[in-house]
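Remarks on the structure that follows.
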């Protein structure tokens, strides 16, 4: 499999450090509010990458953190008159409700920054001892210029970064580009004891510590949104590699931005959507499918019209699968069309896998999936039970990689007995060639909200949606 590595700006063949095992770290949310659709993109994209690795037989150690102490959290907690810990607990639970509905598999471990303070202090002390960090009035800063490779992820030199960066020009710093590893206690903020006085960790040190603690000093893949490349991921590399002398991550993967109606999503523009808002109105898998119909590195434009289109597309997959389940019950043992459908499915599955192997190209892969749905819909009525079962299994297999077709239940909605009795009466009328009566019953069923479909395998009844 080839993956685009931000560090080298090329697609590279992925080989894990340890055979059969992939170690991934994905930057998780700051839990001060409900996650928005911009947060949902890395969740869905890198969950899909994990699913594909697992499909290929790898064991995936997947770490996704929660940032549960940070300026936004402190401000909101103080505003609501609760502790940062209470705020974090509330929104971590809300996060899981949304992520579960999006079929995002739970991480192997989801460490919280506040539970790893001791290890953060130890790493900061190590950087001080090696001359990479210094203490000023209870704050600890990283000496950015001392790390010779600073800028290698964002592919900029120090001067370029100085010119374009949003840096804190504190008079305490030796250099404006130096960043905080530890922040001295301020009024109204949570604080922990340290060798430099009470305070709290900086954002960047949190991820370095959690990644190395649970995955080792060099990991296979570090991933997140492209907005994290600088300064967050650049700073993670600097402090981690300064401390260990080893490469921090072999592959750096970044997803593109989500825009709303071709504008950058922001609360101030009033074009801000939470995941909860969308999945309460639309099928959660429609949001997932929508995200995967674009290449993960490209910007993604979100609109209600596009999510509605994704929901219609998702319905086509569910309808195809449901139809296969129905046809299998009464299908013939063999058919002359079997080879044609099997060959089409095998070819499209191979193309799907090739697309996934090429830098997780879910945009192409979903295209092949819908071609497969069209082939199945065209030929299914005249295929054998064995071929229909084969089609159903492959459809389910590929959808599972994408994390869709997982909220399906064939008996999701039982057909009332009186409706089934009317269907049987209509069947008897058709057998007796009493087509006027059959049509009358069909119209009666329609008025009751049901449609009947006559197929070679029998009569199918569905609620009109």
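The backbone N, Cα and C atoms fix where each Cβ goes, and this holds for glycine too.
Note: residue 27 (Zn(2+) binding site) has non-local neighbours 42, 64, 65, 207, 223, 224, 225, 228, 232, i.e. same-chain residues 6+ apart with C-beta under 8 A of its own C-beta. Under the heading Zn(2+) binding site, Swiss-Prot lists 27, 207, 232, 236.
Residues annotated as ATP binding site in Swiss-Prot, with sequence analysis given as evidence: 267.
Listed as Cβ neighbours of the motif ''HIGH' region' (29-39) (distance under 8 Å, sequence separation of 6 or more from its ends, same chain) are residues 66-68, 70, 72-73, 76-77, 87-88, 91-92, 94-95, 98-99, 225, 257-258, 265, 272-276, 278, 287, 302. Here Swiss-Prot flags 29-39 as motif ''HIGH' region'.
Residues or ranges marked as motif ''KMSKS' region' by Swiss-Prot: 264-268.
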Count the other Cβ atoms sitting within 10 Å of the Cβ of residue 207 (Zn(2+) binding site), across every protein chain shown. 27
Restricting attention to the motif ''KMSKS' region' (264-268), give the mean pLDDT. 69
List every residue in the same chain as residue 236 (Zn(2+) binding site), at least 6 positions away in sequence, whose Cβ is under 8 Å from its Cβ. 204, 207, 208, 211, 222, 248
Residue 236 (Zn(2+) binding site), DSSP three-state class -> helix
List the other residues in this chain whose Cβ sits within 8 Å of the Cβ centroid of the Zn(2+) site residues 27, 207, 232, 236, in sequence order. 203, 204, 206, 208, 211, 222, 224, 228, 233, 235
Count the residues of the motif ''HIGH' region' (29-39) that DSSP assigns to helix (H, G, I), to strand (E, B) and to coil, and report the three numbers in that order. 3 helix, 2 strand, 6 coil
